[in-house]
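Worksheet: the structure to be examined is printed underneath.
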């Protein structure tokens, strides 16, 4: 589940009590944290409608502006802006969350403040222009995903007056429909011949998803490899199948000795996290899929449609140092509203060498298929031998009948 996010408005004033920094936006955080039982859970933290903005700084051409807000049980978020050559841009985002907040982080193993710092990707904006972005922007770092949308923001406000000119983010820019040049193939002509109405075409079934290749690096070395086609089956309101497009999907995540997470972001509308762990047994070291988290966003306003998580899986297991393969379709039950279907799966989350998959341990469905193929071939050969033998017997009998008649 998730909480409702609210629009927050901050109006920072200078010593003369005139506006020097203005911001209005909506924000949400998804945070993965460790519990006392050494499991990992996902916490959802929303920016409430009321915040304080202690520590915010107006800024000038020699000092950075700072928008800093505090909210909830000891959480804070800030972004600083610098002014250069008649433009401004955001530099760093600092998010601090408090795992002592039991309402958000029940049974958290690590208690206290955790700070995450990320570089902002905002392009320079002309001074006295208002930056506007309704589209959702997501930033991932250190087990935290930050979502920001419906932004209206301007630092270094001149003379206390908010600028009237907007600079929109690239995602908000409308794309014009391509112009179709008339050709013989697409020009409709009028016919005087009366014809029967065309038959109603049945809706085309959803095809299997395209298989994508994903990888993570630790330094200069590949630490995780995954090849898979992904399809979501959503039944919250009405049945809906969503194929994940590898061409528009970006990858992120973390690699470790006993835990690895692959994060997939399909164009800022679908987020899927796969978490693998290594079992604690010292005699038989195997890895397996432990948790899958899926977040669906409204592509128009960035609001969360569905956030589902299942951290009780024990699938896709293989010996440490090997890979896991399953070409047949598999289904991961996330909850009653969501399933994830996988196709042509091949994954290795640990001990990747030379950017190549290691020996694959195949799923039972593939093993059954490989086992059935020689059986079917053997049966076919058996029938062929029987047919040849019967033909031989019939031929012998006809030959003897011919000799007797002579």
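Just so it is clear, glycine is given a Cβ too, placed from its N, Cα and C backbone atoms.
For residue 133 (disulfide bond), the same-chain residues lying six or more positions away in sequence with a CB closer than 8 A to its CB are 149, 150, 151, 168, 169, 171, 172. For 133-169 (among others), the entry in TrEMBL reads disulfide bond.
Sequence annotations record features per position, and here TrEMBL assigns region 'Disordered' to 187-207.
The compositional bias 'Low complexity' annotation in TrEMBL covers 187-203.
Here the domain 'Lysosome-associated membrane glycoprotein 2-like luminal' (209-353) has, by DSSP, the following mix of helix, strand and coil residues: 3 helix, 96 strand, 46 coil. The domain 'Lysosome-associated membrane glycoprotein 2-like luminal' annotation in TrEMBL covers 209-353.
Of all Cβ atoms in the shown protein chains, 20 besides its own fall within 10 Å of the Cβ of residue 363 (disulfide bond). TrEMBL lists 326-363 (among others) with the feature disulfide bond.
What TrEMBL lists as transmembrane segment is 371-394.
Residues annotated as domain 'Lysosome-associated membrane glycoprotein 2-like transmembrane' in TrEMBL: 373-404.
Around the Cβ of residue 169 (disulfide bond), the number of neighbouring Cβ atoms within 10 Å comes to 16.
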